[in-house]
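Trainee: Submitted below is the structure of interest, expressed as structure tokens.
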Amino acid sequence: MNPETQHEGEQIITHASPHHHRISKHIRSGAVLSWDFVLMNMLATVIASYGLLANSPAVVIGAMVVAILLNPIAAAALGIVEGDNKLVQRAGCTMFVGVLSVYITAFLIGYIHRDQLMTHEIMSRTAPTATDLMIALAGGAAGAIAMSSESLGAGLVGVAIATALVPPLASSAILIAQGQISSGLGALLLACANIVAIQFATSIVLWSKGFHRPAPKPGLRQFFFRNQFNIILLATLAVFLTLNLRTIAAKELFQVKSRQIIKETVTTRTGYAIDSVRFSGLDSNRPIIYAVIRGPNPLTRKDVEQLEVKLPKAPNNRQSNLRVQFIKTITVDDEAGELYKNRDFDGSRNFAPPADSKSPPPSIAPPKSEPSTVAPLKPTLQTSDQEVEAE
């Protein structure tokens with residue numbers, strides 16, 4: 001059956017094809033809240049949380065096969081483009097319950113394992129950038145295309161989209177359970193940004209495929225009118241995440257340059273090498289750089305000051321504070337024996353004591369014992385009558 005158009009006053013009513021009816025019915029079913037929806041998301045969170053704690057990307061991705069958070073987002077997007085406020089409310093309520101179930105489950109797991117160190121899989125989701133927003137937009141568009149097409153399956157696309165939702169929510173809950181509020185809020189911001197981006201991208205695809213209800217003035221103007229809140233929110237997030245991306249890039253550049261300068265300075269010294277370089281308090285008034293250096297003789301305060309002057313300023317335009325931890329190493333050759341033992345960090349070979357240093361007091365030898373002039377007594381045998389000299 002071909003779409004038919006009927007004019008009633010100023011409204012233009014579009015009757016969708018059977019294909020649109022089937023797809024619309026399927027998407028609308030995602031707004032239904034059920035115990036199966038809650039249970040599936042909780043189980044996905046359990047798997048994802050332990051995958052995050054185990055630092056296993058494969059487990060985290062595998063857990064998303066169980067998660068079904070995409071369905072209410074798609075239903076909300078359909079409700080927005082069709083102007084169906086009741087559908088938007090139902091989908092929003094379902095989405096809220098799903099997010100809450102994920103968050104509570106991950107929080108309990110994080111509290112149980114609150115003594116465990118945070119892994120890279122968790123901490124990598126605490127600093128969202130504009131790159132994450134672009135990934136979510138592309139994922140949302142792919143999911144909408146798959147859901148609106150009868151020839152494509154939305155299952156695998158839903159897995160990819162769920163990866164942008166459940167792991168950030170679980171990471172946020174685990175971090176907050178361990179008292180790392182700032183990092184937890186960063187992961188929560190990533191999850192919220194992904195939800196907004198996926199919903200907006202889904203709305204664009206559904207609108208372009210003809211999923212929209214009667215409107216006085218159909219077209220892009222009506223689309224932007226119905227999505228004005230999401231557009232404003234998405235633009236705000238884009239600006240913030242872009243600034244965050246610039247900040248992160250500046251920090252990365254500072255760390256790379258600092259490591260390079262320290263490495264070039266230290267490795268040019270004979271017998272010296274870099275063990276590790278780490279950074280602390282890059283946003284504070286006095287960023288600290290910890291450098292672990294190995295070599296034959298310790299660095300002096302002057303050596304550290306000269307190396308610190310070469311370092312670039314931190315992203316907040318503050319001069320960093322270099323702290324060196326030294327590990328003494330001995331290099332032995334089979335022919336020359338110990339190498340570099342008279343080599344200082346500044347290249348000096350003179351290790352003689354300064355002129356004004358006090359020489360150690362001379363050792364006092366014990367007096368030589370003189371030989372005894374007393375003749376030794378000969379042993380005698382004592383008898384009752386006389387003393388007989390022993391032979």
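Numbering starts at 1 and runs along the chain as displayed.
For all residues, glycine too, the Cβ spot is worked out from N, Cα and C.
Automatic prediction, not curation, is the source of TrEMBL annotations.
Checked TrEMBL, it gives:
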REGION    1-20  region 'Disordered'
COMPBIAS  1-10  compositional bias 'Basic and acidic residues'
TRANSMEM  32-53  transmembrane segment
TRANSMEM  59-81  transmembrane segment
TRANSMEM  93-113  transmembrane segment
TRANSMEM  133-149  transmembrane segment
TRANSMEM  156-179  transmembrane segment
TRANSMEM  185-208  transmembrane segment
TRANSMEM  229-249  transmembrane segment
REGION    342-391  region 'Disordered'
COMPBIAS  359-369  compositional bias 'Pro residues'
Trainee: Pairs 6 or more apart in sequence, C-beta under 8 angstroms, 3 or more of them: is that satisfied by the transmembrane segment (93-113) and the transmembrane segment (32-53)?
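Mentor: Between the transmembrane segment (32-53) and the transmembrane segment (93-113), which are separate recorded stretches, there is contact, as judged by 3 or more close Cβ pairs.
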Trainee: Same chain only, please: residues at least 6 beyond the ends of the transmembrane segment (229-249) with a C-beta under 8 Å from a C-beta of the stretch. Say none if there are none.
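Mentor: Contacts with the transmembrane segment (229-249): 80, 127-133, 192-193, 196-197, 199-200, 203, 315.
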